[in-house]
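For reference, the structure is listed below as structure tokens.
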Amino acid sequence: MAPPWVPAVGFTLLPSLGGFLGAQYTRGEGFRWYASLQKPPWHPPRWILAPIWGTLYSAMGYGSYMIWKELGGFSKEAVVPLGLYAGQLALNWAWPPLFFGTRQMGWALVDLLLTGGMAAATAMAWHQVSPPAACLLYPYLAWLAFAGMLNYRMWQDNQVRRSGRRLSE
């Protein structure tokens with residue numbers, strides 16, 4: 001049997017795995033494309049994003065461990081709170097390929113809005129089980145709102161129009 005700390009570490013690190021894989025889209029050609037975009041003055045510097053995401057991913061991961069532990073593992077009672085969490089995490093991981101990989105800022109915004117909705121539903125479900133676990137999602141919800149505003153602004157500011165028609169992003 002695994003030591004009791006193994007699930008806590010695993011749950012805490014899991015979100016960062018997808019974040020690390022998604023970060024691969026921000027390198028090379030994806031980074032050059034992103035650097036060429038118009039950005040609002042309130043755009044965060046690139047160097048701060050990894051610490052922010054690392055903190056948010058660790059907090060949500062540990063919160064998921066708290067829910068898992070409180071509900072006795074992957075029990076029937078855990079299906080909704082952990083299912084919502086898994087859904088929002090999958091949507092979160094889909095954003096970098098959409099934004100940087102396909103350069104579809106509009107679809108990336110749709111993904112962010114869905115992620116925010118699922119994350120809010122996750123926080124509400126977690127609150128029923130463990131209010132402290134739900135509190136670990138609040139900074140993430142705030143960051144998703146900020147990221148959504150930034151994504152929207154960049155999408156709007158970088159659309160090319162000819163003859164009243166939008167070109168593909």
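Note: Cβ is positioned from N, Cα and C throughout, glycine not excepted.
If you look up Swiss-Prot, you'll see 1-5 (among others) marked as topological domain 'Mitochondrial intermembrane'.
The topological domain 'Cytoplasmic' annotation in Swiss-Prot covers 27-46 (among others). Long-range neighbours of the topological domain 'Cytoplasmic' (27-46) within the same chain, counting only residues 6 or more positions beyond its ends whose Cβ lies under 8 Å from a Cβ of the stretch, are 52, 100-101, 103, 150, 153-154, 157-158.
Long-range Cβ contacts of the topological domain 'Mitochondrial intermembrane' (68-79) within its own chain (Cβ-Cβ under 8 Å, at least 6 residues beyond either end) map to 7, 11, 129-130, 133. According to Swiss-Prot, the feature topological domain 'Mitochondrial intermembrane' maps to 68-79 (among others), an assignment based on similarity to another entry.
Sequence-distant contacts of the topological domain 'Cytoplasmic' (101-105) (same chain, six or more residues past either end, CB-CB distance under 8 Å): 25, 30, 33, 151, 154-155, 158, 169. Among the features that Swiss-Prot reports, topological domain 'Cytoplasmic' is placed at 101-105 (among others), with the record citing similarity to another entry.
According to Swiss-Prot, the topological domain 'Mitochondrial intermembrane' annotation covers 127-134 (among others), on the basis of similarity to another entry. Listed as Cβ neighbours of the topological domain 'Mitochondrial intermembrane' (127-134) (distance under 8 Å, sequence separation of 6 or more from its ends, same chain) are residues 63-64, 66-67, 70-71, 81.
The feature topological domain 'Cytoplasmic' is assigned by Swiss-Prot to 156-169 (among others).
Panel annotation: around the transmembrane segment (6-26), residues 34, 50, 53-54, 57-58, 60-62, 64-65, 68-69, 89, 92-93, 95-97, 99-101 of the same chain, lying at least six beyond its termini, place a Cβ under 8 Å from a Cβ of the stretch. Residues annotated as transmembrane segment in Swiss-Prot, with similarity to another entry given as evidence: 6-26 (among others).
For 47-67 (among others), the entry in Swiss-Prot reads transmembrane segment, with the evidence type similarity to another entry.
Per Swiss-Prot, transmembrane segment is recorded for 80-100 (among others).
Look at Swiss-Prot and you will find 106-126 (among others) tagged as transmembrane segment, backed by similarity to another entry. Only residues 6 or more beyond the boundaries of the transmembrane segment (106-126), in the same chain, are considered here, and those with a CB under 8 A from a CB of the stretch are 63, 67, 80-81, 84-85, 87-88, 91-92, 94-95, 98-99, 133-134, 137-138, 140-141, 144-145, 147-148, 151-152, 155, 169.
Annotated transmembrane segment per Swiss-Prot: 135-155 (among others), in sequence order.
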Long-range neighbours of the transmembrane segment (80-100), counting only residues six or more past its ends (CB under 8 A): 15, 18-19, 21-26, 30, 33-34, 60, 64, 67-68, 71, 74, 107-108, 111-112, 114-115, 118-119, 121-122, 125-126, 128-129, 151
